[in-house]
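In what follows, a structure is listed as structure tokens, so that the remarks can point back to it.
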Amino acid sequence: MDLYEHQGKELLGRFGLRTLPGVVATTPEEARRAAERLGGTVAVKAQVLTGGRGKAGGIKVAESPEEAEEAARRILGMDIRGHTVRRLLIESGADIERELYLSAMVDRESRRPLILFSTEGGVDIEEVAERSPGSIVRLHVDPLVGLLPYQVRELTFASGLSGETAKDFGRAVQNLYEAFRGIDASLVEINPLVVTGEGEVVALDAKVTVDNSSLYRHQEIAGWRDVEAADPQEHRAQEVGLQYVKLDGDVGILGNGAGLVMSTLDVVAQAGGRPANFCDVGGGADAEKIATALEIVASNENVRSVFFNIFGGITRGDEVARGLLAAIRKTGIDLPVVVRLDGTNAEEGLRLLAEGAPENVHTEETMLDAARRAVELARDGGH
């Protein structure tokens with residue numbers, strides 16, 4: 001679950017990281033009142049769950065409450081990489097002397113937390129990695145031992161800071177890792193982490209992603225989810241316990257098991273198509289869950305055909321067929337649906353489809369044949 005900047009900063013502040021005073025606003029009038037309360041120069045920052053705000057004009061500096069109100073009027077409603085700006089963070093200005101980069105993330109290759117640091121903050125870390133990879137310090141942390149003092153000293157030495165500012169930086173590194181662990185994050189990124197003219201180390205931005213599987217023990221964070229900003233298909237899938245990720249293609253994908261669904265995406269691409277989603281109905285899915293999954297996939301207006309790829313182990317082929325037929329009866333879906341059904345009770349499932357399915361339902365014996373058929377039907381405009 002991705003968090004807005006102001007949410008991430010609130011969490012980081014609880015772990016001792018220094019942030020600037022800020023107020024969330026949803027209207028230009030609220031932005032003006034926030035600027036009046038904060039006083040002096042403020043930054044008006046779009047709150048969206050994506051990057052590139054600065055380049056898109058989503059961050060403005062205002063010298064007065066009136067300027068803050070005008071900036072808010074321009075930014076609210078703006079589209080930034082497909083995300084509509086509905087809220088702003090009005091934040092006090094800072095006297096910036098240096099910009100650094102600091103993050104903690106899960107490194108799946110090493111299966112350990114990874115801390116990244118660079119003296120080149122304020123720009124995309126990918127750009128830094130391409131331009132000057134030697135400027136990035138990478139530290140793996142043993143999750144059973146934690147971040148050790150010598151590792152903190154190594155990063156502090158790499159920062160080039162000295163005196164009380166160096167100590168402040170070391171505390172920021174330690175607090176960042178504690179926050180990363182404490183909220184079960186998969187990513188905590190501060191870019192930039194700035195050194196002010198007074199020598200203070202401050203998190204000027206915060207990008208935080210919390211592991212969805214841990215939200216049951218972080219009820220407050222789970223309650224921060226912005227339903228309005230969420231993709232409607234992904235939100236509905238989460239409500240009913242389906243694993244769904246929206247993509248940009250036109251062939252809807254359903255399968256049972258993450259591995260099979262990933263393979264299905266590959267086969268559709270091999271057949272020249274573009275998957276519209278990842279949707280895993282899971283093992284043992286019953287007719288109702290199958291029907292709900294099909295409704296969600298078909299509700300994406302970009303979908304022109306649906307590829308239903310099921311290998312029955314725990315999931316029974318006859319239950320899949322009943323769910324598919326129930327979904328079509330309930331919703332009146334007229335998109336072409338290509339079914340590849342194998343495994344437990346597959347023969348019975350295919351018999352049910354042959355006897356009761358409408359003309360828009362097609363069956364194929366192999367995964368590749370089914371993928372080719374789904375791609376062909378999508379190219380024909382869904383007919």
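Indices start at 1 and increase along the chain as displayed.
Backbone N, Cα and C atoms are what each Cβ position is placed from, and that goes for glycine too.
In Swiss-Prot this protein carries:
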type	residues	note
DOMAIN	9-236	domain 'ATP-grasp'
BINDING	LYS45, GLY52, ARG53, GLY54, GLU91, ALA94, GLU99	ATP binding site
BINDING	ASN191, ASP205	Mg(2+) binding site
BINDING	ASN256, GLY313, ILE314, THR315	substrate binding site
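Maximum C-alpha to C-alpha distance over the listed substrate-binding residues ASN256, GLY313, ILE314, THR315 is 10 Å. The subset of binding-site residues (LYS45, ARG53, GLU91, GLU99, ASN256, THR315) lying with their Cα within 10 Å of the Cα of ASN191 (Mg(2+) binding site) consists of GLU99, given in sequence order. The binding-site residues considered are ALA94, ILE314; of these, ILE314 has the fewest other C-beta atoms within 10 angstroms of its C-beta. Residue density at GLY52 (ATP binding site): 12 other Cβ atoms are found within 10 A of its Cβ, drawing on all protein chains shown. All protein chains included, GLY313 (substrate binding site) registers 12 other Cβ atoms within 10 Å of its own Cβ. In this structure the alpha carbons, written CA, of GLY54 (ATP binding site) and ASP205 (Mg(2+) binding site) are 12 Å apart.
Whole-number maximum of the Cα to Cα distances across the ATP-binding residues LYS45, GLY52, ARG53, GLY54, GLU91, ALA94, GLU99: 21 angstrom. A 10 Å cutoff on Cβ-Cβ distances gives GLU99 (ATP binding site) a total of 17 other Cβ atoms nearby, all chains included. Residue pair GLU99 (ATP binding site) / ASP205 (Mg(2+) binding site) shows a Cα separation of 11 Å. THR315 (substrate binding site) sits 52 Å from GLU91 (ATP binding site), taking the CA atoms of both as reference points.
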